[in-house]
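Engineer: I'd like to ask you about the structure that follows.
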C-alpha cells in the first residue's frame with residue numbers, strides 16, 4: 001500500500017487526488033456541482049450534490065491511476081470551511097440545504113449578538129469575530145426556520161456538521177459523527193484554549209450540545225469507510241479545513257512559517273506554534289492542523305478579491321481573452337505608471353474590515369494604457385497580501401523569514417516578484433502546488449504510520465522557484481504608502497447621489 005487518497009471538497013467543485021509516498025500526484029479527478037442563490041446574499045448547496053460529486057471523483061481518480069482502494073494506505077479529507085448542514089441521525093436526510101460560507105443571511109443574528117455585548121467574549125474564546133461567515137449563526141438560522149428543528153435537536157434526533165462531518169457520515173454509512181480541531185475552530189462554538197465545545201456560547205446561541213460532532217486531532221484514525229463505496233474499506237486518517245490543510249501541505253510546521261494561497265481571494269496563515277495569539281490588527285486566531293498531542297495555532301487573514309480582479313479585467317473590461325494573458329499585458333509596461341487599483345468590489349477584508357469600501361482606479365493620466373491598469377490590477381493582489389503580512393508581523397511573537405505560496409495565481413511570476421519586492425523577504429513557490437489536498441494526504445499518512453512524523457513530511461517539501469526582493473526598502477515603503485493613500489480614498493464616506 002504505497003499510495004494515499006485525498007478528498008478535496010471545494011466551494012464550486014469536488015476533487016480527488018492519488019498521491020504516492022513521495023507526495024507526487026499519480027492521478028486526479030474533478031467534478032463541478034450546482035450553486036443555488038435563492039435570494040440576494042444567500043448561497044446554498046444540495047448536500048447530496050456534494051456527496052455524489054465527491055464519490056464520483058474518488059472512483060474516477062482510482063480508475064485513472066489504474067489502482068484500487070486496496071492499494072491506498074489511508075484516506076484524507078480537506079474541505080471548504082464553515083459551510084453548515086443539519087441532517088436526521090436516523091435517515092441521514094438533510095433537513096435543509098447546506099448554507100455556504102459566503103452566505104450573508106444571518107447578519108441580523110450577528111447584530112443581535114453584538115448588541116448583547118458578546119463580541120469580546122467570542123473573540124477571546126474562539127479567536128473569531130462575530131460574522132455570518134462562521135457556522136454558528138447559520139446553524140441557529142436552520143433551527144429557527146425548519147419546522148420542529150429546535151425540538152428535534154433537543155431530542156437528539158439531528159446532527160450538525162461542516163462538510164468534513166457530512167462526508168465522513170456518508171463514507172461510514174452513519175457510523176461516525178466527527179470533525180477535527182481545524183474545522184471545529186471555524187464554527188464560533190469551539191473554545192480554542194480549552195479544546196472543547198463552549199457551553200456558554202452554545203447557550204447564547206440556543207444550540208443543543210447533542211447536535212455537535214466529536215472533535216479529534218487532524219491526524220487521527222477516525223474510522224473505516226464502508227467497503228461498498230470504493231471496493232475496499234479505507235482508514236480515514238486525516239481531516240482538515242482547506243486553508244489549514246494548505247499550511248500543513250506547505251510543511252509550515254514551525255512558528256513564524258507562513259503561506260499565502262492566491263485564489264479568487266487570498267488566504268494567508270501564519271503558524272504561531274502552541275500559542276493562540278490574540279490579534280490586535282484585524283486578523284483571526286484559529287486552530288492549525290494537529291498531528292500529535294500538542295495543539296497548534298495560526299493567525300489568518302483573508303483578501304476578498306485576489307485573482308478575481310483578473311477575472312474582472314477579462315469579463316468586465318474585456319481587456320484580455322484568457323486570465324493567463326494578464327501577465328504578458330502587465331509586463332508590456334515597466335511599471336504601473338503611477339496607477340493604483342483598489343479592487344474592493346465587495347468591501348475590504350483583513351486587516352481593514354470595511355464592508356462599505358468601493359473599488360477604485362486612481363492615478364490615471366493621459367498616458368495611462370490598458371497595460372498600466374493590468375499591471376496595477378496584479379499589483380493590487382500583492383499590496384493586499386502585504387497588508388496582511390504586516391498585520392501578522394505586528395501580532396506575531398516570531399519573525400517571518402519567507403512566504404510560501406500556492407493557488408492558481410501563484411503561477412504568475414510577475415506577481416510573485418512584486419510580492420517579494422514589497423515584503424522584503426523571499427517568496428517561494430513549491431514543486432507541488434496542490435498543497436491543500438497534499439496536506440490532507442500527509443495527515444492521513446502520519447495517522448496511519450505511512451509517514452513517521454512531520455519531520456519526514458518536511459523533508460519532502462521542495463521549492464520550484466524562489467523570488468528574492470530586488471528593489472530597495474525605501475522604494476517598497478514608497479509604493480506601500482501610495483497604496484495606503486488609495487485605500488484611504490475608497491474608505492471615505494461616499495458623496496454619490498447627494
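First residue shown is number 1, and so on along the chain.
From the backbone N, Cα and C atoms, a Cβ is placed for every residue, glycine too.
It should be emphasised that the depicted structure is a prediction, and the values quoted were computed from it without experimental measurement.
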Engineer: Starting from the sn-glycerol 3-phosphate binding annotation in Swiss-Prot that includes 11, 81, 82, 133, which of 242, 274, 315 is the extra site residue?
Structural biologist: 242
Engineer: For a quick check of understanding: given the listed ATP-binding residues 11, 12, 13, 264, 307, 311, 408, what is the maximum Cα-Cα distance in angstrom, as an integer?
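Structural biologist: For the residues that bind ATP, the greatest Cα distance is 18 Å.
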Engineer: Within 10 Å of the Cβ of residue 82 (sn-glycerol 3-phosphate binding site), how many other Cβ atoms can you find? Include all protein chains, please.
Structural biologist: 25
Engineer: From the Cα of residue 264 (ATP binding site) across to the Cα of residue 243 (glycerol binding site), what is the distance in angstrom?
Structural biologist: 13
Engineer: Round to the nearest Å and give the CA-to-CA distance linking residue 133 (sn-glycerol 3-phosphate binding site) with residue 264 (ATP binding site).
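Structural biologist: Residue 133 (sn-glycerol 3-phosphate binding site) and residue 264 (ATP binding site) have their Cα atoms 16 Å apart.
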Engineer: Select the closest residue to residue 13 (ATP binding site) from the following binding-site residues, measuring between CA atoms: 82, 242, 412.
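Structural biologist: Answer for the nearest of the binding-site residues: 242.
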Engineer: How many Å separate the Cα atoms of residue 15 (ADP binding site) and residue 264 (ATP binding site)?
Structural biologist: 17
Engineer: Roughly how many angstrom lie between the C-alpha atoms of residue 264 (ATP binding site) and residue 81 (sn-glycerol 3-phosphate binding site)?
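Structural biologist: Here the two Cα atoms lie 15 Å apart.
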Engineer: Can you tell which of the binding-site residues 11, 81, 242, 412 lies nearest to residue 307 (ATP binding site) in space, using Cα positions?
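Structural biologist: Closest by Cα distance to residue 307 (ATP binding site) among the binding-site residues 11, 81, 242, 412: 412.
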